[in-house]
Amino acid sequence: MKEIDELTIKEYGVDSRILMERAGISVVLAMEEELGNLSDYRFLVLCGGGNNGGDGFVVARNLLGVVKDVLVVFLGKKKTPDCEYNYGLYKKFGGKVVEQFEPSILNEFDVVVDAIFGTGLRGEITGEYAEIINLVNKSGKVVVSVDVPSGIDSNTGKVLRTAVKADLTVTFGVPKIGHILFPGRDLTGKLKVANIGHPVHLINSINRYVITREMVRSLLPERPRDSHKGTYGKVLIIAGSRLYSGAPVLSGMGSLKVGTGLVKLAVPFPQNLIATSRFPELISVPIDTEKGFFSLQNLQECLELSKDVDVVAIGPGLGNNEHVREFVNEFLKTLEKPAVIDADAINVLDTSVLKERKSPAVLTPHPGEMARLVKKTVGDVKYNYELAEEFAKENDCVLVLKSATTIVTDGEKTLFNITGNTGLSKGGSGDVLTGMIAGFIAQGLSPLEASTVSVYLHGFAAELFEQDERGLTASELLRLIPEAIRRLKE
């Protein structure tokens, strides 16, 4: 976003002060939208010396004469030119400024506007700044942050020792990554994105996006009235073992619930009977295995089954042993269809196989699986969108790095999903997602599109659960997917 600001100013000739004025006014309008008539409130505006502080002075000036009271506490040591300019304007308009923060001052105001640090902050917050932020967080006042809560790294969402906990954050142009990755997402509060006049094509040139309702609605496959099951694709799911009999069913039903025409399950016998007995919609093919796990002896049979489908999902409930490892890697190396690779298939995957494949692949790891795949710690990979992009690009695949904010990337374009709740933190929900992605690929979406639509709907369905989210199960999630699609189309 910094580069877009600079291009807007230098290449398009938009005065930086105009951008700052629009930013400040947009904050006032957003507060009015959230709080109602601002005349009932008293505002304390905390300004640093950077351009974020300059935005704060614009906010304060535009509140003069509108609200009960407004006071700026200047917390900087020196000011950028645009901050200096708006400080001067605020003073000329009769605005009050103090340069010493007294804890008792918080008692005199209803709303605190945080314009201390913006997106340029990199070092940790210590000393007086940390003390002030902690006092603001404990004050119980309504807190509005300008652009990003002070103390959040706008590129990662990490807390730089301490950070403001906002009720409302007003940002400019596009959401920042720090707003959508945790813990920054928890501290942002309600996020409003204001258009302050950047050229549209510069905004559109950004290759990292938040997945939106409108985006997903536009990608949903059409359902022509004159159609048949072949119109909506065929999926093969290779899954299950003597240890895990439910995973194949959850994946299979995930595919059917998003509209797939036909779903076959290849499951070790007798575990396949569970699908046959409970879900007659699923075609369950019994696979004779050695000790209940897939091995190379099942390779040709599974390749044969893959010939008359559009996409293969592999991994849920396979188990993790040397026989499974050999089977998965040889199967994927030989398979000439798109593949969705999940769970145990990721745990045993040799990534060199991905480079050898000529057909598309989607990988859907959670952070633990991703850490094992790239031989790093969970902390190194969780929310690490740059690592995800690098992996996807190097291995010519789509990566769906699952977490509370899920990252979807093909290495060129990256999307962040923010739907969902803690009810998805439960065994089986990932199996459902695997089936959904395979189902949308079968219906004609690209692997990136299918992954984008699926993660959004998966989370949206969880949000529709009528009871406390902790009681959500994968089976309940399946029930809610069609309702999520119906509401999306409204």
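Going from the start of the chain as shown, residues are counted 1 onward.
Here the Cβ of each residue, glycine as well, is placed from N, Cα and C on the backbone.
Taken from Swiss-Prot, the feature region 'NAD(P)H-hydrate epimerase' applies to 1-204.
Summed and averaged per residue, pLDDT over the domain 'YjeF N-terminal' (1-204) gives 97. What Swiss-Prot records for 1-204 is domain 'YjeF N-terminal'.
Per Swiss-Prot, the feature region 'NADPHX 1' maps to 51-55 (among others). When DSSP labels each residue, the region 'NADPHX 1' (51-55) comes out as 5 helix, 0 strand, 0 coil, counted as helix, strand and coil in that order.
Panel annotation: around the region 'NADPHX 1' (118-124), residues 1-2, 48, 50-52, 55, 146-148, 150-154, 160-161, 176, 178 of the same chain, lying at least six beyond its termini, place a Cβ under 8 Å from a Cβ of the stretch. Annotation comment: Swiss-Prot describes 118-124 (among others) as region 'NADPHX 1'.
Residues or ranges marked as (6S)-NADPHX 1 binding site in Swiss-Prot: TYR129, ASP147. With a cut-off of 8 Å between CB atoms and residues at least 6 apart in sequence, the same chain places LEU75, ILE116, PHE117, SER150 near TYR129 ((6S)-NADPHX 1 binding site), listed in sequence order. TYR129 ((6S)-NADPHX 1 binding site) falls within a helix when secondary structure is assigned with DSSP.
The region 'ADP-dependent (S)-NAD(P)H-hydrate dehydratase' annotation in Swiss-Prot covers 212-490.
The feature domain 'YjeF C-terminal' is assigned by Swiss-Prot to 212-488.
For 366-372, the entry in Swiss-Prot reads region 'NADPHX 2'. Per-class residue totals from DSSP over the region 'NADPHX 2' (366-372), listed helix then strand then coil: 6 helix, 0 strand, 1 coil.
What Swiss-Prot records for 402-406, 421-430 is ADP binding site. Of all Cβ atoms in the protein chains displayed, 25 besides its own lie within 10 Å of the Cβ of GLY430 (ADP binding site). Secondary structure at GLY430 (ADP binding site), as computed by DSSP, is helix.
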In the region 'NADPHX 1' (118-124), how many residues does DSSP call helix, how many strand, and how many coil?
0 helix, 0 strand, 7 coil
For the region 'NADPHX 2' (366-372), find every same-chain residue at least 6 residues outside the stretch whose CB is under 8 Å from a CB in it, and list them.
343, 346-347, 378, 380-382, 388, 401-403, 430
Distal contacts, the region 'NADPHX 1' (51-55) - CB-CB under 8 A, six or more residues away:
20, 23-24, 27, 74-76, 79-80, 82-83, 85-87, 115-120, 146-147, 150
Once near-sequence residues are set aside, which residues in the chain of THR406 (ADP binding site), 6 or more away, have Cβ atoms under 8 Å from its Cβ?
VAL400, PHE416, ASN417, GLY420, VAL455, GLY459
For the binding-site residues ALA404, LEU424, which one has the sparsest Cβ surroundings, going by other Cβ atoms within 10 Å?
ALA404
